[in-house]
Every structure is written in C-alpha cells, then in structure tokens.
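*Asks:* Submitted below is the structure of interest, expressed as structure tokens.
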Amino acid sequence: MMRTEIKSLFENDRDRVKKLTRRASVGDEFIYYDFSKTHLTEEIVDGYLEKMKDFGEKIDGMFGGERINFTENRKVLHVALRDKEVLRMVEGHGDAKLDEDRRMVYDELMKIKAFVEDFDSGRVCGVTGKKLEIVVNIGIGGSDLGPRMVCDALGHYGRRGVETYFISNIDATDTIRVFEKIDPERALFIVVSKTFTTLETIKNAELAMKLLERKLGRDRSEIASKHFVAVSSNVQEVGKHNISRVFSMWDFVGGRFSLWSAVGMSIALYVGFNNFMRLLKGASAVDEDFRRNRGRSNAEMIHAIAELFYSENGFNNKCIVCYDQYMEKFYLYLQQAEMESNGKQSERGDTGLIVWGGLGTNTQHSFFQLLHQGTRDVLVELLMPLKPLHEEKEYHNMVVSNCLAQSRGLMVGKKEGSAKESFRGNRPTITVCYSKLTPETLGAMIAHYEHKIFILGLYWGINSFDQPGVTLGKKIATEVLETLECRGDRKYDESTSEILRLLGCCKK
C-alpha cells in the first residue's frame with residue numbers, strides 16, 4: 001500500500017475528502033480533522049475497526065469507573081473532571097445525583113471557584129499585606145506541562161494584571177531565573193505533587209521558600225502559610241511544609257491527564273474561573289461524542305488508525321507542527337501525554353511513536369528540509385486556526401498558505417530537475433484545523449488526543465495510565481546522589497565512574 005501514491009488516491013476517488021475527514025462541533029466553533037493526505041482507504045479503516053469492535057465496552061468501562069488501570073488497580077476518571085452533570089451543577093443548573101467520585105470532583109471545583117474569587121477580590125495577600133497577583137506553578141511532568149501549555153495557548157484570554165510562571169527543573173537556575181522576574185511580595189506559589197514527595201518539586205519549593213525568606217525577612221512558616229498553596233493527595237506530607245491551603249488530587253487521575261483538576265489552578269487564576277469552565281466544557285463535548293459515536297464516525301478511532309497504519313509500515317516517529325504562535329508548547333505537552341502513556345511493554349510488540357515537533361513557519365527554516373528530502377519516514381501532523389485572534393489578515397493568510405503548501409508539497413513532491421532538486425513526495429500528513437482558538441476548542445483538542453492515546457493503548461495491549469519507566473531513573477539517581485554526598489560507596493560502570501572522578505576534580 002505504501003507504494004501507492006497518495007495523490008492517485010484522490011484521482012481515483014472523488015469522495016475521498018468526505019470519507020476521510022471528520023468535523024467536531026464545539027459550541028459555536030468547530031475542529032476539522034483531515035486524514036485524506038495519508039495512505040488510508042476505507043478498506044484499511046474498516047480492517048482496523050474490525051479489530052476494535054470490542055473497544056466500546058472498554059470505553060464505557062472507563063467512563064463507568066472500572067479499574068482499567070490494571071497494573072495499579074485504579075479507576076481512570078479524568079473524564080469525571082469535566083463530567084457534563086458536574087459542570088451543570090457548578091454553574092447552578094440542576095442538582096443531579098452524582099456518584100461518590102463525581103461528588104468529590106464537584107466539591108473541589110467549587111473550592112477552586114471560591115479560591116479564584118478570593119484571589120480576584122484581593123483577599124489572598126502575602127506576608128507584607130500586598131495582594132498576590134503573580135502565579136508561580138511548581139511541578140514537573142503532568143503537574144507542569146499541561147498547565148504550562150494551556151496558559152500559553154490561552155494567552156489571549158489571560159487577565160490583565162495576572163502573571164504566570166512555571167518552575168520544573170531541579171537545576172536551581174530555573175527557580176533563580178523566575179525570581180529575577182517577579183516581585184516576591186506579590187507572588188503566590190502553587191506546589192503540585194500527588195504524593196508531595198516528588199524530588200524535583202519539593203526541592204524547588206524549598207528553594208523558593210528559602211529565597212522568599214531572604215528577600216522578605218520573614219520566617220518560613222509564615223511565608224508557607226501566606227504565599228503557598230499545595231495540590232496533593234497527601235495532606236499529611238503537605239503539613240510538614242507548613243502549607244495550610246491544600247487542594248485535592250485523586251488516585252483515579254494520572255498526572256498527564258490532570259490539568260482539568262486543581263492541577264490546573266494556575267490556569268483558573270490566569271484566565272479566570274469562567275474561562276477555565278469553558279476549557280472543561282470543550283473537553284466534555286468531545287467526551288460525549290467519543291462515547292456516543294463508534295466506528296467510522298469516531299474521529300479519535302480514525303486518528304488512532306492512521307498512526308497504527310504507519311507504525312505497522314515502518315514509521316517510528318510523528319512530527320507535530322502548530323501554525324499558531326499560541327500553540328507553541330502543544331507538541332511538548334503531547335510528547336509526554338503520548339510517549340509516557342504508550343511507551344512501555346506491549347502485548348502486540350509495538351509501542352507509541354516518538355513525538356517531536358515545533359512551530360510553523362519557523363520549522364520550515366530548520367527541519368522541514370529533512371521532511372521533504374530525508375530518508376527517514378515521518379508522519380507529519382499540522383495544526384492551524386482558520387480564524388486568528390488578531391486583525392492582521394495579511395499575516396494570517398501567509399500562515400495558512402504556508403501550512404497548506406507544506407501538506408500539499410509533502411504529498412505531491414517535485415519530479416523535475418536534477419536529483420538534488422527532486423522531491424519524491426508521497427509523504428503523509430494529518431491536518432487539524434480549528435475555526436478559532438478558544439478555551440472550548442483547546443479543551444476539545446486536548447480531550448481528542450487523550451482518547452486517541454487510549455485507543456492506541458487498547459490496540460497494542462498497553463496500560464496507558466501507569467508509568468513504570470519513570471521509577472528506574474529515580475532509583476539510580478538516588479544511588480549516584482548518595483555517592484556524591486559521600487553516603488554510599490557503590491560500584492558503577494567505567495563511564496559513570498570516570499565522569500564522577502572528573503566532577504570531583506572540578507570541586508577541588
């Protein structure tokens with residue numbers, strides 16, 4: 001099938017676009033998924049759908065609270081965080097009977113709403129009495145990438161006077177550079193860690209407290225109670241750090257699926273609670289469609305099938321390029337969401353694609369050369385708004401023309417001229433167009449990718465909701481740290497031992 005020219009598939013089927021595109025309505029806006037510039041055909045799609053015919057039960061099981069995270073014996077209920085009935089109740093519409101899990105979600109959303117109101121009114125003050133208006137999120141992985149990406153993507157909706165910063169790296173430079181930009185008297189720090197024992201997060205929180213002590217001249221307990229908020233499921237551990245304001249996390253929500261919860265507190269404070277709710281509503285709309293539609297009408301399944309097809313035909317990576325400055329960090333968010341979810345042992349042998357990417361049109365002047373003429377097989381995914389959030393029509397037209405030119409150029413190539421001037425074409429692209437970047441459409445796109453990841457995991461026989469690979473590096477890092485601090489005397493490979501020796505020489 002890979003020998004078939006994509007452009008010939010268009011020539012032989014006038015209805016190809018209709019058959020291989022899906023449109024998802026999100027309130028007044030929409031998202032358009034175009035899989036037609038791939039090698040997919042209806043026959044290929046139907047072949048995969050036949051293998052997925054029992055996935056409906058698995059999908060219902062997730063929404064119903066079955067323990068589909070089988071390695072940890074946990075429910076997978078990030079969908080409950082944006083449950084339609086929960087959101088209706090938060091807005092004061094009706095009083096549905098919620099199950100225990102969704103009742104906890106509702107209670108926490110109301111708690112977030114109240115805190116945002118206190119923040120807006122100036123009732124959240126620091127040790128000097130100044131209103132806190134600078135939000136600093138301290139977390140790593142899912143406690144950082146999701147909120148960081150959303151705050152960046154929704155910059156157009158950010159509220160005047162509210163600033164957001166993110167600290168994740170254990171390299172102290174990350175924290176120090178943030179402190180160089182902020183007024184510590186007006187800064188609120190949100191420490192996000194489910195266990196509240198994540199090394200990078202806790203050490204960064206401790207460094208932030210130490211720097212605040214120096215700058216504000218107050219003791220740590222007062223600083224912690226006034227300038228810090230925790231998001232965690234381990235209240236006892238939070239208490240050891242004198243942080244009194246605690247928001248909940250639950251075992252049924254994994255970090256990379258958690259931005260819809262109090263993990264997204266930085267989002268709610270930055271864009272306001274109403275816009276945070278709009279984000280959740282967009283995701284909720286996709287949840288409804290995903291659960292209701294099966295087979296060819298399920299956009300997430302078709303998206304998964306495209307990736308499965310190329311994975312089984314020798315592709316090992318996917319390049320995501322967003323032609324939208326606001327979406328610059330989207331591929332980084334998906335990098336974790338996809339690779340941590342499906343980059344593990346598989347019953348079928350295959351695992352998820354390597355995810356990388358960048359920002360259009362910048363990337364056209366960096367790595368697109370390889371995409372057009374390189375020997376590596378790359379599945380390219382392009383995202384683009386149909387309406388911009390600015391009034392400069394000329395510039396948006398240039399963005400659109402570049403995005404469409406790349407997808408067409410990768411497909412048709414150029415056969416004339418010398419070998420150096422020739423482009424073989426027949427390179428697949430998936431194009432995702434959204435009518436306009438709003439909280440709803442962003443939420444809908446994130447939910448779409450979450451569900452696509454789930455479908456891929458089901459097909460490969462992977463539990464997409466645990467992350468055992470994270471623990472090995474942590475264990476070895478602890479051993480090396482003990483050696484550095486003269487608390488251990490382990491034998492290492494010659495390479496590691498030599499680098500440790502060099503480190504010792506530099507410290508003398």
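Any Cβ shown, glycine's included, is placed from N, Cα and C.
Pulled these from Swiss-Prot:
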BINDING   Gly142, Ser143, Ser193, Lys194, Thr195, Phe196, Thr197, Thr198, Gln336, Glu340, His365, Lys474  D-glucose 6-phosphate binding site
ACT_SITE  Glu340  active site, proton donor
ACT_SITE  His365  active site
ACT_SITE  Lys474  active site
*Asks:* Cα-Cα separation of Thr197 (D-glucose 6-phosphate binding site) and Lys474 (active site), in Å?
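*Replies:* Roughly 12 Å, rounded to the nearest whole number.
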*Asks:* Give the sequence-ordered list of residues that share a chain with Thr195 (D-glucose 6-phosphate binding site), lie 6 or more positions from it, and have CB atoms under 8 Å from its CB.
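*Replies:* Those within reach of Thr195 (D-glucose 6-phosphate binding site), by Cβ under 8 Å and sequence separation of 6 or more, are Ser232, Ser233, Asn234, Glu237.
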*Asks:* For the recorded positions listed here, Thr197, Glu340, His365, Lys474, which shows the highest count of neighbouring CB atoms within 10 A?
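*Replies:* For the recorded positions Thr197, Glu340, His365, Lys474, the Cβ with the most other Cβ atoms within 10 Å is Glu340.
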*Asks:* Looking at the binding-site residues Ser193, Gln336, which one has the fewest other Cβ atoms within 10 Å of its own Cβ?
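*Replies:* With the binding-site residues Ser193, Gln336, fewest surrounding Cβ atoms within 10 Å: Gln336.
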*Asks:* With every protein chain in view, what's the tally of Cβ atoms within 10 Å of the Cβ of Gly142 (D-glucose 6-phosphate binding site), excluding that atom itself?
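*Replies:* A count of 23.
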*Asks:* Determine, to the nearest whole angstrom, how far the Cα atom of Glu340 (active site, proton donor) is from the Cα atom of Gly142 (D-glucose 6-phosphate binding site).
*Replies:* 10
*Asks:* Roughly how wide, in whole Å, is the group Gly142, Ser143, Ser193, Lys194, Thr195, Phe196, Thr197, Thr198, Gln336, Glu340, His365, Lys474 that binds D-glucose 6-phosphate, by largest Cα to Cα distance?
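*Replies:* Binding-site diameter by Cα atoms for D-glucose 6-phosphate: 43 Å.
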*Asks:* How many Å separate the Cα atoms of His365 (D-glucose 6-phosphate binding site) and Lys474 (active site)?
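*Replies:* About 37 Å separates the two Cα atoms.
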*Asks:* Using DSSP with the three-state reduction, classify Ser193 (D-glucose 6-phosphate binding site) as helix, strand or coil.
*Replies:* coil
*Asks:* Given Ser193 (D-glucose 6-phosphate binding site) and Lys474 (active site), what distance in Å do their CA atoms have, once rounded to a whole number?
*Replies:* 16
*Asks:* At the Cα level, what's the spacing in Å between Gln336 (D-glucose 6-phosphate binding site) and Lys474 (active site), rounded?
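*Replies:* That comes out at 17 Å between the alpha carbons.
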